[in-house]
Amino acid sequence: MKHLLSIDDLSTDEIGQLFETAADMHDVQKREVKKLPALRGRTVVNMFFEDSTRTRSSFEIAGKWLSADVINVSAKGSSTSKGESLRDTVLTVCAMGVDGLVIRHPASGAALQVSQWVDASVVNAGDGMHEHPTQALLDAYTLQRHLGSLEGRHVAIIGDLTHSRVFRSNVQCLTKLGARVTVVAPPTLMPSGIASWSAAAGFETSYDVDAVLPEADAVMMLRVQRERMSGAFFPSPREYTVGYGLTRNRLALLKPDVPICHPGPMNRGLEIAADAADATQSVVLEQVSSGLAIRMAVLYHLLAGEEA
Ligand code: NCD
């Protein structure tokens with residue numbers, strides 16, 4: 001595996017191997033000295049052209065715990081803010097001898113484009129509304145730890161599907177692992193063309209949260225991505241919550257102990273109530289620590305060659 005641009009790049013076996021490595025990496029997190037020599041002498045650059053808390057810091061820590069040299073480049077503070085093109089910025093950074101390039105960019109397809117310009121291994125840390133493969137891996141890994149195999153388990157993905165790269169990667173990852181997936185959104189936030197896509201890919205769609213929740217073995221709430229919305233997709237935040245939020249009343253519809261995921265950052269009180277975000281079955285913080293283990297596993301598989 002040279003790059004990780006899409007879940008489509010991974011076979012079910014490769015996902016299983018990444019999860020095995022992630023389990024080993026998870027053990028490293030519990031140690032007092034959290035350092036493995038695997039990527040000594042390797043250089044990883046995190047290039048983030050969009051805001052991020054979890055993804056950027058976990059890629060940075062992941063690289064550091066594997067002993068790689070890690071540097072961060074962000075749009076603000078780099079020459080892109082002076083008008084330099086993405087290609088020139090990427091080629092400049094790579095001319096310094098970079099082995100791994102972790103990129104987040106607002107344009108769908110940016111990571112694929114970058115992988116065609118450079119020799120380094122490229123990891124897509126979110127490209128516009130397209131994909132966010134490490135998020136899907138960490139979500140599935142977290143759910144497997146709770147549910148055992150995902151084969152036949154029913155995962156409900158609820159929220160702003162139109163603008164969500166997390167949903168696009170997750171639907172592929174979860175169905176590859178044998179889960180039954182139902183995606184739920186208001187009609188205005190249901191991606192166009194989803195009927196043919198869901199039929200081909202084997203997942204279900206619904207507009208009715210209250211009908212789906214009682215049947216779910218896991219629930220994944222998605223953020224309302226106001227920064228990607230150019231118009232009004234729902235009449236008011238209150239109406240969104242009433243129709244599609246995971247409210248305290250809706251918690252009661254869930255089977256006991258059903259894990260509740262959210263990739264973060266959460267809009268508390270909009271798509272998820274505090275009662276749900278902080279419920280005992282919420283796995284939101286566990287997703288963050290799994291994210292570190294998954295990103296260590298990904299960097300390890302991409303960059304730890306024989307000479308490492
Ligand atoms: C997601 C992202 O950036 O795509 N968050 C994340 O990576 N933790 C989802 C989101 O922003 O809603």
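Cβ atoms are placed via backbone N, Cα and C, with glycine included.
TrEMBL annotations: computationally assigned, not manually curated.
Taking Cβ-Cβ distances under 8 Å and a sequence separation of 6 or more, the neighbours of Arg104 (carbamoyl phosphate binding site) in its chain are Met47, Phe48, Phe49, Glu50, Ser52, Thr55, Arg56, Ala125, Gly126, Asp127. Look at TrEMBL and you will find Arg54, Thr55, Arg104, His132, Gln135, Gly264, Pro265 tagged as carbamoyl phosphate binding site.
Taken from TrEMBL, the feature L-aspartate binding site covers Lys82, Arg165, Arg223. Around Arg165 (L-aspartate binding site), the same-chain residues at least 6 positions away in sequence with a Cβ under 8 Å from its Cβ are Ser108, Gly126, Asp127, Gly128, Met129, His130, Glu131, His132, Gln135.
Residues or ranges marked as domain 'Aspartate/ornithine carbamoyltransferase carbamoyl-P binding' in TrEMBL: 2-144.
Among the features that TrEMBL reports, domain 'Aspartate/ornithine carbamoyltransferase Asp/Orn-binding' is placed at 152-302.
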Notebook entry, point to check: Would you list the DSSP helix, strand and coil counts for the residues of the domain 'Aspartate/ornithine carbamoyltransferase carbamoyl-P binding' (2-144)?
Noted result: 64 helix, 27 strand, 52 coil
Next item on the list: Provide, as an integer number of angstrom, the distance between the C-alpha atoms of Pro265 (carbamoyl phosphate binding site) and Arg223 (L-aspartate binding site).
Entry: 7
Margin query: Any of the binding-site residues Lys82, Arg104, His132 with a C-beta atom under 6 A from ligand 1? Give them in order, or none.
Written below: His132
Next item on the list: Run through the Cβ atoms and count how many others sit within 10 Å of the one on Lys82 (L-aspartate binding site).
Entry: 6
